[in-house]
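Have a look at the structure below before the remarks.
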């Protein structure tokens, strides 16, 4: 089970709702993924205007927990305003804090992310900050009282997978809240690797929506995450420099 604040989820896959070719593909991919948490950018929708396109209009949202994110924010104050807008519309008061500090890499601004998280915690939000793989920053966010840490595997939408597994593993080892690997996942193998490292979940979007067959990829990601989690719980064998025979040598007859 994945526990975030007061919520408990069976699925460890969190799925973004953007960039799908059409609403029908989006809906089918979400259903196949069995994700229970759907994230979306508040700025991409006019959530107070029923006449405007709505990324969630073809989804039976009562079956899901919605995770609005503050994508587009460049400052802590902007992030807080976006989060409050989502909450005022009646959406879940759980929010993914995203404050971008660089337009080319889309890497998060560590100072503004820390500030926004603190402000939103004071407002009573359930806070899930998207951050880099900075181990110290992850610890400082945890000390603030955030409800989960969301370190990026690599830049958003890059599909590079986990470029710094050592830092991700350090973040996981020191964590007392769930660690959800976010951004840069490109394949089921990437998702499985994140889970093998001990992550509590994986959030992805482009890897599914940008695939040749998003529906098949959604299922593949679900299975990859499940396999990776089972592997982590089972415990992999230790790496060794030399071979170890898998068949016992004792009792073997010697052929003259």
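First residue shown is number 1, and so on along the chain.
Cβ coordinates come from backbone N, Cα and C, glycine included.
These figures come from a predicted structure and were not determined experimentally.
Here is what Swiss-Prot says about this protein:
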{"type": "ACT_SITE", "residues": "96", "note": "active site, schiff-base intermediate with DXP"}
{"type": "BINDING", "residues": "157, 183, 184, 205, 206", "note": "1-deoxy-D-xylulose 5-phosphate binding site"}
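Compared over the binding-site residues 157, 184, the count of CB atoms lying within 10 A of a residue's CB peaks at 184. Here the Cβ of residue 206 (1-deoxy-D-xylulose 5-phosphate binding site) has 18 other Cβ atoms within 10 Å, regardless of which shown protein chain they belong to.
In sequence order, 16, 155, 156, 158, 159, 185, 204, 207 are the same-chain residues whose CB sits within 8 A of the CB centroid of 157, 183, 184, 205, 206, the residues recorded for 1-deoxy-D-xylulose 5-phosphate being left out.
Residue 184 (1-deoxy-D-xylulose 5-phosphate binding site) sits 16 Å from residue 96 (active site, schiff-base intermediate with DXP), taking the Cα positions as reference.
Residue 96 (active site, schiff-base intermediate with DXP) and residue 206 (1-deoxy-D-xylulose 5-phosphate binding site) have their C-alpha atoms 17 Å apart, to the nearest angstrom. By the criterion of other Cβ atoms within 10 Å of the residue's own Cβ, the least surrounded of the recorded positions 96, 183, 205 is 205. In the three-state DSSP scheme, residue 206 (1-deoxy-D-xylulose 5-phosphate binding site) is classed as helix. Overall, the recorded 1-deoxy-D-xylulose 5-phosphate-binding residues 157, 183, 184, 205, 206 cover a maximum inter-Cα distance of 9 Å.
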